[in-house]
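**Student:** From TrEMBL, for reference:
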type     : residues  : note
DOMAIN   : B:39-273  : domain 'Ribophorin II N-terminal'
DOMAIN   : B:281-379 : domain 'Ribophorin II second'
DOMAIN   : B:387-513 : domain 'Ribophorin II third'
DOMAIN   : B:540-638 : domain 'Ribophorin II C-terminal'
SIGNAL   : B:1-32    : signal peptide
TRANSMEM : B:550-570 : transmembrane segment
TRANSMEM : B:582-603 : transmembrane segment
TRANSMEM : B:615-632 : transmembrane segment
Amino acid sequence: MSSSVFSVLSKFVAEYRRSTPAKLKVVDAYLLYILLTGALQFFYCVLVGTFPFNSFLSGFISCVGAFVLGVCLRIQINPQNKSEFLSLSPERAFADFLFAHAILHLVVVNFIG
Amino acid sequence: MPCCKGQVLTYNGRQVCLHCVVLLALALGAQALTPSHHLSPADLDRLKAFLNQPFTDLESAYYSIVGLSKLGIAVSDEHAACQFLKSQLDPSNIDSLFFASEASQALSGCQIPLSNETRDLLLAAVSEDSTMSQIHRSVSTLSSLGLPVASQEVVSALTTRITKEDNVLAIILALQTASRLSQQAELGGILEEIEDLAARLDDLGGIYLQFEEGLEATAHFVTAAYALSDHVDIEPPLKEDQVVQLVNSVFSKKSWDSLSEAFSVASAAAAFSGNRFHIPVVVTSQGPAAVSHRQPMLQLQVTDILSQPLPSISVQVESAHAVASKSVVLSQAPFTLRDGIFELNFMDSQPASGYYQFAVAVTGDSRLVANHVEMKVKVSTEVAINNMDLSVVDKDQSIGTKTTRVEYPSKAKTSFTADSHQNFAMSFQLVDVNTGVELTPHQTFVRLHNQKTGQEVVFVAEPDSKNVYKFELDTAERKSEFDSISGTYALYLIVGDATLENPILWNVADVVLKFLDEEIPSVIQPKNLYVPKPEIKHLFRDPEKKPPTVVSNTFTALVLSPLLLLFILWIKLGANISNFSFTPSCILFHLGHAAMLGLMYVYWTQLNMFQTLKYLAIIGSLTFLAGNRMLAQKAVKRYRPGC
């Protein structure tokens, strides 16, 4: 059983390496970074406690929000999805990404205390 | 009591009693209202003195002369008054004529000179165009001067004026005017106004009934209503309770602001004591309503509003019952009249001491109003102390008790000693001196007073089932009350009650108390209740426990580590900035974006939201413009890779 899982995984990784354009891989790396940061924050909170709660929340929400925005960007610039985003150019997607991040940062810094 | 107390209607010549059954039922259940205010002899003297002021003008002369005549006395100098009236008279003025003529009627042998012009002036005033006051004054003047009045014309003028001047004072004047007209005239319409006015009275707490226009209006209404009712011999439509409430309103004020107010009260008082239909009765007791063996007569004064005796009346007690036991002591007992005071020897019925509720009825005149009165009578007595026995009892009952009898009011010859093994006991009986019945007064206290230290302790003596009072002092048990201070205590017995005429304070004996654990007798200090209490220091909430700095620093480093991983991955993937074009918009965009991130940091450390938003707007718009240009250029480059 485990061998089949392992073989599926290795096939998936190979396929990913081969067919994904470089740009998307860059964004994926960014997403992985965000994920790890969020997980570590959560782990710290579980370990030590929720004091100060507002700081934990703002940090965690920042990671979650950034991850979501990153995923949106990835979807929008994926050439395979071009049919769904006919009017949306990658530049426009990036501009939206930056604008949304500006608002996210404003809220996060307000709440971080 | 006469049956027809309520409204009496004539129907085909027969008199039918209405509301008789209802009233009977009400009388059995409800308590009738009685006047709470009237003119006592002192009030009457004050009113007479107030009215007897020296005249300043014709109006004040009118109030004084006519007011005093209504109260039954004459002005001090009638001749001078008459001269004053004649000198002040202005024959061309209706008001002046009114005051002078009415006042001259009240004086004996005073005639106001008449002339044809005067008469014509007065007759001309009787018309629909004159005010109600003018009509009233001219008709009254004509009537008191003995001149003929066209009654029907007056009635029609009054009716018109009532509808035009629909206010209380005008209608009252109409009633007064109608009472001066001939009895053959059609006065029914005006008579109905009494009922309408009565409906306009304000009921205050069920005790007062008055017009919002004030005391004068209410008093004038009473005078006018009874004047007209007497004139046409028809009972005014006022219920008994309403009459009593009107009495309360008119006579509640005992000092009057103006002559006109005093005059209105005097007129109302005369109306209440002299009309043909309702005579309110005032029943007051002579002094406090209390009887005893020394003063066995219950004395009542029964008068009218002016504190004058009512002729040919009889007063009797319908029933008298004890308040505590509700047993009827007296029923249908008449009072005897002696020197204007109604007396009843209540002690003949040998009542026990206490309070009794009397229901007194005044009969003899069908006009009497509020003639059923409820009053509370107190029967007092004197108390005697019998069989006062003092003894010192040993606790284990091994030694026989020695009982000493003490007679009131002497003191026991020897003092009693009681230590912790003994109890001091006292027993006595309280009896009524006159009847020998045992009494249980409200206050039976035993007071022990230490002469040296000034300390006193008070106990209550309780009666047992046979009404014998017993008091026991257990020295061991009660030592806390005495603060364990041994010594000689003077023993007093205190007996008191509202129905006792001789309250008792009796120094019975001296008692020497010996307590164990005797403390040094000190002067009794008042307990220190009012010293400052220890200060309370405010405790701030403990800050929450934070993890040690090592842990947080470790985790800070740990959280920043994925950034390193990101850069490594990016380098591995071949992400580079080789395509960086040094166009101004590109540089500006990157600078602006960096500035925005820097602004976030500054916001965290220093700024508030408003300032941040201001800067963000500026930087953001610049970045947006630059970025827009830059991305457009990038897009163009993408579409046309050659350029």
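Any Cβ shown, glycine's included, is placed from N, Cα and C.
Remember, predicted model here, so these are calculated numbers, not experimental data.
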**Student:** Under an 8 Å Cβ to Cβ limit, what residues of the same chain, 6 or more beyond the ends of the transmembrane segment (B:582-603), are close to it?
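**Tutor:** Sequence-remote neighbours of the transmembrane segment (B:582-603) are 609, 611-612, 615-616, 619-620, 622-623, 626-627, 629-630, 633.
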**Student:** As a quick check of your reading of DSSP, tell me how many residues in the domain 'Ribophorin II C-terminal' (B:540-638) are helical, how many are strand and how many are coil.
**Tutor:** 77 helix, 0 strand, 22 coil
**Student:** Where, among B:39-273, B:387-513, B:540-638, do we find the most CB pairs under 8 A to the domain 'Ribophorin II second' (B:281-379)?
**Tutor:** B:39-273
**Student:** Can you tell me how the residues of the domain 'Ribophorin II second' (B:281-379) break down into helix, strand and coil by DSSP?
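**Tutor:** DSSP classes over the domain 'Ribophorin II second' (B:281-379) add up to 4 helix, 58 strand, 37 coil.
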**Student:** Across the domain 'Ribophorin II C-terminal' (B:540-638), what does the mean pLDDT come to, as a whole number?
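**Tutor:** 85, rounded to a whole number.
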